């Protein structure tokens, strides 16, 4: 540095030149090359310092010029597809999973060695889109011509494929060719097969045996054996499967659902024929006749014998649902019975050899009972079982926590011991290890927005340990898990906040793991995109602490003003503000239109205790709207929110809440878009509407107050987009038709986008148009208004 402060050698040389030297002299000038080099070096150092200063003082997001904005085409492309390896435990040391390339592999958990079971070309050859491996790993069921029916159910044709020989044959009922089945799957032992055709159950002891029809009462649209009708699939079981294997494969429990008194809903199909066709299916609306249900157990070995398991006496003269069935031994099942108002639940333990059932636990509520699908976890001898129950935690109300039930043999008396407590929720019990006397579960103890895997001792001091808290803790705070049959290993599913990964762990030493899927393609794609930054805040509303999540544009600056989009949840009891990885159509809007997206879990949302959840009892539509408006009022106090550019979006129940907010007296929103909106709870499913509002015959005023159609004049000031598929079997197009009829009568302008013959979930072929419609609507509505100055008249020359 001292050299920089001195005159350069070159300067001294110039000054020492002879004074009488002529300017035009031919003699070469005397140059100091060493001095010139030093001068250039100094200039280079100074330039480097300036460049470094610019880089250090420039925000990171501005320096990474390789980042590009996210487009809808990219979002729907392969680069943004998360791969689910669909891992399944075969036994304690074998996991079967599917690679990103479509190969089906077998992983040995002791050696971490993978073996190819099924090449991806097999799926191409047979045009199969679904598969299922036999328990002995010798055969695979391949489903082709798959057609979705409702949310979970589908029909398909099936092939049985020999993995080792390549031999293949069709799976058909006796004397039927080219059959379309409602369900087909392997049993729990060897090559047992079960399939459902025309609402009847068929059984094969192995792939070479003849099929045995287990039921004969099945009738399309009326009697459902082993498979759910719409109501049970969508609102009660949350699955289309309504049958359950005993652990040894010798017995099968199944529901017989009778819809003979249930009114039918008609869904027209407008395209593809000269005259529209229609399909109808039983759909009980609020207050209408419900399906009746019976539970049977059939013995599969020896002469087939079918036995009915009877409901508790209290339900024999009442309407009831069956919400959970589970085998706890080779001969005993545990069953949950729920009354129609959904405020009385009884858990019974049934002996399948005699049909005798004993009551083990009863729950009642002044509102409604949640978590009625939860399966209790039993010890091997059945002397104890574990289940989550609501436990009061001071002024915060009740939270779901683990209780251990000690069963008295040949008696209905039980002893209860609570294993966890606190202002947090146990999400699900995963396993009980009798050797270590530990219970494994997921909970929100670390954060209401996260999910961590914990263990707790069931004896002594009930010590609790977080197993997942230190695993990839910068990237993963939201987990799910699955334990092997003997609990020696577990699969850990990291679902966010960073790109999801799936790993295999040893239970005794969880820090040792094998990475099953890291979604590397998605990670590489994400790194090249200017995706939103998320931030969670806690709002205090009516003595509640409620979470608000904001997604900011990557180059967000607080001095600027931004438009706001508020997104509603699709279901009551859900959770919008989580640590789960999220990239969706709203990510495109944030990136391309510099919009801030807000999600808020107000009263009526889940996983924050029953007090928050059940505030909407008999008040659905009003409490949620009030809290969302309170969140908007908070946001309007922030200097970066443009009060003239506010919008709202919701689908299904979320569309219902968005509509209730838009028609309220609070006029914040410039526009709103609703997809398949529920407009009147009387038109919606019985189990849903009655859970929150009761029976319409007794709660007429409550139903009227909860209807969007009531006092609809409030929608006059907003720009409203309604989107609906005409073949929606969940929220019928009838809801939008009634809404539009009332809008026209009230003189309200609206925009309607209809998707002919599309359901609640828009198909892949229409998805680009669907998202484009929503994005274009919000882009036009939320664009910044530029003030145009009046032009001064030009002066005449």
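Including glycine, each Cβ sits where the backbone N, Cα and C put it.
Per-residue confidence over the topological domain 'Cytoplasmic' (1-34) averages out at a pLDDT of 40. Residues or ranges marked as topological domain 'Cytoplasmic' in Swiss-Prot (evidence: sequence analysis): 1-34.
Taken from Swiss-Prot, the feature region 'Disordered' covers 1-28.
The feature transmembrane segment is assigned by Swiss-Prot to 35-55.
For 56-797, the entry in Swiss-Prot reads topological domain 'Extracellular', with the evidence type sequence analysis.
The N-linked glycosylation site feature in Swiss-Prot is assigned to 64 (among others).
Swiss-Prot lists 91 (among others) with the feature N-linked glycosylation site, giving sequence analysis as the kind of evidence. Within 10 Å of the Cβ of residue 91 (N-linked glycosylation site) there are 11 other Cβ atoms, across all protein chains.
Residue 112 (N-linked glycosylation site) carries neither a helix nor a strand DSSP state and counts as coil. Feature annotation from Swiss-Prot assigns N-linked glycosylation site to 112 (among others).
The N-linked glycosylation site annotation in Swiss-Prot covers 120 (among others) and rests on sequence analysis. According to its DSSP assignment, residue 120 (N-linked glycosylation site) is coil.
Using a 10 Å Cβ-Cβ cutoff, residue 139 (phosphotyrosine) registers 23 neighbours. Among the features that Swiss-Prot reports, phosphotyrosine is placed at 139 (among others).
Under the heading phosphotyrosine, Swiss-Prot lists 144 (among others), citing similarity to another entry as support. Sequence-distant neighbours of residue 144 (phosphotyrosine) (same chain, six or more apart, CB under 8 Å from its CB) are 126, 127, 128, 129, 156, 157, 158, 159, listed in sequence order.
Residues annotated as N-linked glycosylation site in Swiss-Prot: 258 (among others). Spatially close to residue 258 (N-linked glycosylation site) yet at least six residues away along the chain are 222, 223, 291, 292, 293, 294, judged by Cβ distances under 8 angstroms.
Around residue 343 (N-linked glycosylation site), a 10 Å sphere centred on its CB holds 17 further CB atoms from the protein chains shown. What Swiss-Prot records for 343 (among others) is N-linked glycosylation site.
Summarising the annotation, Swiss-Prot assigns N-linked glycosylation site to 518 (among others). Counting Cβ atoms from all protein chains shown, residue 518 (N-linked glycosylation site) has 16 others lying within 10 Å of its own Cβ.
Feature annotation from Swiss-Prot assigns N-linked glycosylation site to 749 (among others); the stated evidence is sequence analysis. The Cβ of residue 749 (N-linked glycosylation site) lies under 8 Å from the Cβ of 719, 720, each of these being in the same chain and 6 or more residues away along the sequence.
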Neighbour count (Cβ, 10 Å) for residue 112 (N-linked glycosylation site):
13
Applying a 10 Å Cβ distance cut-off over all chains shown, what neighbour count does residue 120 (N-linked glycosylation site) have?
14
Using residue 518 (N-linked glycosylation site) as the reference point, find which of the recorded positions 91, 112, 120, 139, 343 has the shortest Cα-to-Cα distance to it.
112
Please report the Cα separation of residue 120 (N-linked glycosylation site) and residue 139 (phosphotyrosine) in Å, rounded to an integer.
15
Could you check what DSSP calls residue 139 (phosphotyrosine) once collapsed to helix, strand or coil?
strand
Candidate recorded positions 91, 112, 139, pick with smallest Cα gap to residue 343 (N-linked glycosylation site):
91
According to DSSP, which kind of secondary structure is residue 258 (N-linked glycosylation site) found in, if we only use helix, strand and coil?
strand
